[in-house]
Amino acid sequence: ELEESEKFYVGQPRVLLLIYALYNTLVARSEMVCYFVIILNHMISASMITLVLPILIFLWAMLSVPRPSKRFWMTAIVYTEVAIVIKYFFQFGFFPWNKHVDYTKDKPYHPPNIIGIEKKEGYVHYDLVQLLALFFHRSILKCHGLWDEDEKGDSSSSKEDTDDELSLTGDRRDSSASLKSVNLAASVESIHVHFPEQQTAIRRKSSSSISQLSHRSSFSSHRSKRGKCHGISGCKLFIIKLHCDLCCFRTLQVYVPIRQFFYNLIHPDYSAVTDVYVLMFLADTVDFIIIVFGFWAFGKHSAAADITSSLSEDQVPEAFLVMVLIQFGTMVVDRALYLKKTVMGKVIFQVILVFGIHFWMFFILPGVTERKFSQNTVAQLWYFVKCVYFGLSAYQIRCGYPTRVLGNFLTKSYNYVNLFLFQGFRLVPFLTELRAVMDWVWTDTTLSLSSWICVEDIYAHIFILKCWRESEKRYPQPRGQKKKKVVKYGMGGMIIVLLICIVWFPLLFMSLIKSVAGITNKPLDVSITITLGGYQPIFTMSAQQSQLKDLNQTGFNAFLASYRGNTAALQFLEGYGKEDITLADLEGNSNSLWTISPPSRQKMIQGLRDSSAEFTVVLSWTIQRVLREVYPYYIKAPSDSLAKPIKQLLPGMYCKWKNITVSLVKNKSSEGVREWWVLNQLGKRFTSSEESLELFIFSDKVSPPSLGFLAGYGIMGLYASVVLVIGKFVREFFSGISHSIMFEELPNVDRILKLCTDIFLVRETGELELEEDLYAKLIFLYRSPETMIKWTREKT
């Protein structure tokens, strides 16, 4: 039957087999499904009602050995059912806070929103899914006979007073047995609680039997003392004393199991040592990246902020600074605990971090950002990754720290992946130095800091050589055979292209950033002002909106055709399209009256009539005079603030400007005489109406905002900051090779690598004198070329 069943399942379609595999994975990790649903429910609801279970997960369930007890799962099930009933009860409209739901639903500090009893659509959906997941896990445990495991242990331990392994494991799961005896008839000071020794097996007792025993002893003590109470005052004193003893006993019923739970966690009888520090570090790194690129989600009035623009303006947001420092500080503390291998410190740090993160994320952050946690997507993502960290941290506590921490986790294998990851790790600024100093501070050693760094550098160098030697063994090169073209053109060609790109990067970048990725910066306002010497301006006019017109394709082609044969003009126009040209149509009548005092007016007229005297003005003119070659018909609007006339498009050898006419208009009325100036351009292209001006504006493309900080340095700035700096590192790679031949060309580095590993090993075992001897041997090896040759020979 088993063979037929196996054949039946093997013959099923692959899709069905995949579904079977997914279901089996779900069954095998059903507790993880419950954890995920509980955390997801809390992320969506973000209330005090849903806050309890996530904290219990990280401080009780995930710390339980070997698995969470039945008491936890019953607590989660009952708590979820009660939460559903409470939420349902407060959905009725007669409660005062349910009458203005639309006004209060987005307020983070509204009391019903904090508690989780606000009225909303789908208020219980995630709670029902959570309850379904819990019952699913309960059914899985029942199918495997693990649901009533605690009760079986209780019955067996009550029947047999033995010190077997069942009582040992049962004692760790049920810490209520640590309460051996409590004398309720005595005073509070006389209560004695006996805790089990670390290696002593204690028989477990259920909490119900303890409570029955306590009640029985209290009744018996009460009967024995009844005859001694000869008055009402004596009875009152006895009742008060008994009440105090009961309160103290109830307190101990809560305190003692918690204390015993953490005591067994810190002092386990056995531990399956593991090392998940790398995964915890990766989770913290992901959280760090989320903070850097989504810091605006943790600050006030910064939903549209950009870290690049903020830093380019020399502004450091407070939310960004606080979050980065806190995240970096927790990573340093975690590294210190890992190096010291202290489980107690890790437990304390876990408790502080769990309560602190939840209090900050769900009570402080909504007030800072002025929006609910459920509306903050970045904060939800950060919290979910932090929950992954909490789970890994609890697993590390439950299993215990490794006895020895040897080298970098990237140096466990000798292949290309580890090689490039390790070199990338060393390229991160200050990361290698910070790690070396922290390891020296929190590791017992007799070496000085400089000697420690020397050993780390030698080990890193030897590891890189070991990876290259292993790659040479995997892919050997026969003697006398020339290099293949694939290798030469693959590696050499890539280096050639890379060097060429680095050398010509500034020119290519500045050319493409505006021509390809550039954004057309059209003018919003075009203004003209003509000022006469030191007198009042005679003409002011501006063009906006409908007066600023774009050229169509026909007009643009006609414009290009008018300059056919003019090489300079056509070369200039190559960099512009029709979308970059704006035609400004300015009204010829000045938009302001000419206000000038009579003495100044008379003096100006005398200066203009005197042909022998020089009259310096911005535009030379007389009344009804033609202003010749003063009007710049074409203006270039570059990326900076200075607009310039385009000389290539102005006709003539000497770049003659256009002519305009200027006339003074007088209007006599009952209010008096009013005067204003009228200008008219001669030889307009597209506007035929009188008393108007035409102006062509060529707008240069500007770089996108995301690349503006780099394009702002200019070509010379990019050459100085990019090409020269990179060129320095490239030159170091191609020069000075002869000085490192003795340390680079080592045929076999196994002995040196073993010597470095031995230094790490004796340091972890506490053999500090031997550490000094091995370090002296390593230094002597590098000081003696002849010894180095003997040590690095190929094995024969």
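Please read every residue number as a count from 1 along the shown chain.
Just so it is clear, glycine is given a Cβ too, placed from its N, Cα and C backbone atoms.
Here's what TrEMBL has on this protein:
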DOMAIN    28-148  domain 'Piezo transmembrane helical unit'
TRANSMEM  33-60  transmembrane segment
TRANSMEM  72-90  transmembrane segment
REGION    149-174  region 'Disordered'
REGION    199-221  region 'Disordered'
COMPBIAS  207-221  compositional bias 'Low complexity'
DOMAIN    274-511  domain 'Piezo THU9 and anchor'
TRANSMEM  276-299  transmembrane segment
TRANSMEM  319-338  transmembrane segment
TRANSMEM  347-369  transmembrane segment
TRANSMEM  381-401  transmembrane segment
TRANSMEM  413-429  transmembrane segment
TRANSMEM  449-468  transmembrane segment
TRANSMEM  489-513  transmembrane segment
DOMAIN    549-626  domain 'Piezo non-specific cation channel cap'
DOMAIN    627-794  domain 'Piezo non-specific cation channel cap'
TRANSMEM  707-730  transmembrane segment
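Taken together, the residues in the domain 'Piezo non-specific cation channel cap' (549-626) have a mean pLDDT of 73 on the 0 to 100 scale. Broken down with DSSP, the domain 'Piezo non-specific cation channel cap' (549-626) shows 31 helix, 12 strand, 35 coil. Within the domain 'Piezo transmembrane helical unit' (28-148), the DSSP-based counts of helix, strand and coil residues read 82 helix, 0 strand, 39 coil.
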